[in-house]
Amino acid sequence: MVIKPRLKGGLALTNHPIGAKEFVKRQIDYVKSQDKYEGPKKVLIIGSSSGYGLATRISLAFGAGAETIGVAFEKGVEGKRVGSAGWWNTIAFNEAAEKEGLVSKNFIGDAFSMEMKDDVIKFIKEEFGGKIDLLIYSLASAVRTDPIDGVTYRSALKSTTKDITGPTINFEKEVMEETTMGVATPDEIRSTVKVMGGEDWKLWIEALDKGGVLSEGFKTVAYSYLGPKVTYGIYKEGTIGAAKRDLEHTSDVLNDFLKEKYNGEAYVSLSKALMTKASAVIPIFPLYAALLYKVMKEKGIHEGTIEQKHRLLTQMVYGNNPVIDEERRLRPDNWEMREDVQAEVEALWDKVTPENFKEISDYAGAREEFMQLNGFDFDNVDYDADVDLDELAKLKP
Ligand code: NAI
Ligand code: NA
């Protein structure tokens, strides 16, 4: 079967397993080109199969020699359907890790369930040396079934103030178009907090603590985003912003608990805007990202997911140059948020039109990044070659 890209707005309907291998390889190559670092030895990553969670796993394994457990929600081959990009990323990661003698174990399923927590804890106890040093919380999800009340909550990407209309990029049609983000009901805000807030992170820490699998000095970091003024309406003041504030509050609660019991730490880290499966579907965000890339690349300070996470880990979480704000948040988004960067992005934002957006933004770069998340647009992958799905179907993460 020859696999071609098919898009629907900001969603990729297909992905390329061979391209996924290249996607993972390039991130590994980056980490290997950098100095090794002293980091954690045993790590659990929730949301390990794509975006920031995958990059974190790659940095920790190939940069610090960490053994990793990944939890992700992904699908394998079903009939003529190729499976999800995160499925192939995980298989590619495993293959590369195994070659270097790095232990990597995966749990594919629902991280929000108690069953998943129990399975992971059992594995840590019986086969992973009994304790973990670090938990990275990098989930992006639209639904969560609360394991305690059994109710399924759906997150909404909406405003909490007023209707927000603004331009975005449609990668399917390759046009800039207006999108409107409606106002959330109180119920939609509450549901989004249920899905993307800190409740599940806290349940993980409580379960791991009860299971006795946290080491002395244990750390945990959850990923969040704040963003600049131009995206406040859709992000900071949106439903997702409400959820992220809940996550920040949870980090303080967890930090107190972990400090007391393990001499440990809990942080939220605010990352840079990047194209991922999760961010590509946020209204307005892709255009902001394309303008931001233009400015950051010109200034020589652009980072992809791997550079961003490698800097967070080597400089901040396991280094001596943490950038922390007055709200105790780690700030690897500090280059994105620089005043000169934002002033130039704002100037471009005022000038951008459906006619000029491909020239004045880094449209090509943002689109390439989006395609590469799904294994496409690598110059050294032959996309006309036949992919043997039956063979691939035998592989499991
Ligand atoms: P992503 O979509 O690439 O990754 C999400 C991960 O969560 C995947 O591994 C997926 O399998 C996993 N997942 C989703 N539902 C699950 C479930 N029920 N059980 C187990 N695993 C599940 O997204 P991305 O962008 O890497 O997002 C991760 C975190 O980083 C989010 O908290 C996001 O807000 C944050 N972030 C993203 C930024 C961006 O620009 N993309 C910027 C700053 C923060
Ligand atoms: Na992730």
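A Cβ is built for glycine as well, from the same backbone N, Cα and C atoms used for every other residue.
Just so you know, TrEMBL annotations never went through curation; they're auto-generated.
Remember, it's a predicted structure, so these values are computed and weren't measured experimentally.
Residues or ranges marked as domain 'Trans-2-enoyl-CoA reductase-like NAD(P)H binding' by TrEMBL: 2-77. Per-residue pLDDT, averaged across the domain 'Trans-2-enoyl-CoA reductase-like NAD(P)H binding' (2-77), gives 97.
Marked as NAD(+) binding site by TrEMBL: 47-52, 73-74, 110-111, 139-140, K244, 274-276. Within the same chain, the residues at least 6 positions away from E74 (site 'Plays an important role in discriminating NADH against NADPH') whose Cβ sits under 8 Å from its Cβ are S49, G83, S84, G86, W87, T90, I108, P397, listed in sequence order.
The site 'Plays an important role in discriminating NADH against NADPH' annotation in TrEMBL covers E74. DSSP assigns E74 (site 'Plays an important role in discriminating NADH against NADPH') to coil in the three-state reduction, placing it in neither a helix nor a strand.
Sequence annotations record features per position, and here TrEMBL assigns domain 'Trans-2-enoyl-CoA reductase catalytic' to 81-318.
Around Y225 (substrate binding site), a 10 Å sphere centred on its CB holds 23 further CB atoms from the protein chains shown. Taken from TrEMBL, the feature substrate binding site applies to Y225.
Cβ neighbours of Y235 (active site, proton donor) (same chain, under 8 Å, six or more residues apart in sequence): Y225, L226, G227, G241, I282, F285. Annotation comment: TrEMBL describes Y235 as active site, proton donor.
Annotation comment: TrEMBL describes 324-387 as domain 'Enoyl reductase FAD binding'.
Checking the binding-site residues G47, G51, F73, D110, K244 against ligand 2, the ones whose Cβ sits under 6 Å from it are G47, G51. Among the recorded positions listed (G47, F73, E74, D110, L139, K244), G47, F73, E74, D110, L139 have a CB atom closer than 6 Å to some atom of ligand 1, in sequence order. For F73 (NAD(+) binding site), the same-chain residues 6+ apart in sequence whose C-beta sits under 8 angstroms from its C-beta are G86, I108, G109, D110, A111, S141. Neighbour density at the Cβ, taken as the number of other Cβ atoms within 10 Å, is lowest among the binding-site residues L139, M275 for L139.
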